[in-house]
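S.K.: What Swiss-Prot shows for this protein is this:
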type: ACT_SITE; residues: 52; note: active site
type: ACT_SITE; residues: 70; note: active site
type: DISULFID; residues: 26-141; note: disulfide bond
type: DISULFID; residues: 47-131; note: disulfide bond
type: DISULFID; residues: 82-98; note: disulfide bond
type: DISULFID; residues: 94-112; note: disulfide bond
type: DOMAIN; residues: 21-142; note: domain 'C-type lysozyme'
type: SIGNAL; residues: 1-20; note: signal peptide
C-alpha cells in the first residue's frame, strides 16, 4: 500500500512539472513586454529568471535558512512578499498568494517582482551579481 501511495504522489508531481510552463529568454522578454515592462529592463529580468528558476514558472525553492521559501519564475520570498498556503505569517508586501506566483500566467509574478524591485532594487535577487555587467541581449527577441 505504501508503494501505491508513493507511486500516486510521484505521478502527480511529475504531471505538475510536465504541465508547468518553461519560458525561453525571448518568450519571457516578449511576455513581459506585453505586460508593460519597459524594454530597457527586459535583459535584467530575463537574466534574473534564468538564474533563479531556469525560466520555469512552477519552481518552489528549498527552505531558506529562516524557513521561508521562494516561489515562481522570479523566486519571490514568502516571508516578505507573498502569502504562503501553509498559513505561516508573512508581510505579504505584494498582496498575493504564493501559489499564484506558480501559474503559467506570469502577470502576478511580474507585478510582484516589479514591486520588490521598487522597494529593494535589483540586488533583492542574490543572482543579480551574476547578471550585473553581463546581461544577455534581447535584441533578437523582437
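Glycine is no exception: its Cβ is also placed from the backbone N, Cα and C atoms.
Describe each of these features in terms of where it is and what it packs against.
M.R.: In the shown protein chains, 22 other C-beta atoms lie within 10 A of the C-beta of residue 52 (active site).
DSSP classifies residue 70 (active site) as strand under the three-state reduction.
Using a 10 Å radius centred on the Cβ of residue 141 (disulfide bond) and all shown protein chains, the other Cβ atoms total 18.
Secondary structure at residue 131 (disulfide bond), taken from DSSP and collapsed to helix, strand or coil, is helix. Residue 131 (disulfide bond) is surrounded by 19 other CB atoms, counting those within 10 A of its CB over all protein chains shown.
Taking the Cβ of residue 98 (disulfide bond) as reference, residues of its chain lying under 8 Å away and at least six apart in sequence are, in sequence order, 69, 71, 72, 76, 78, 82, 83, 84, 85.
Around residue 112 (disulfide bond), the C-beta neighbours below 8 angstroms that are at least 6 residues distant in the chain are 74, 76, 81, 82, 94, 96, 101. DSSP gives residue 112 (disulfide bond) a helix state.
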S.K.: Return the member of 26, 52, 70 nearest to residue 131 (disulfide bond) in space, with distance defined Cα to Cα and candidates limited to these recorded positions.
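M.R.: Closest by Cα distance to residue 131 (disulfide bond) among the recorded positions 26, 52, 70: 52.
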S.K.: Using Cα coordinates, what distance in whole Å links residue 141 (disulfide bond) and residue 52 (active site)?
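M.R.: Taking the Cα atoms only, residue 141 (disulfide bond) lies 21 Å from residue 52 (active site).
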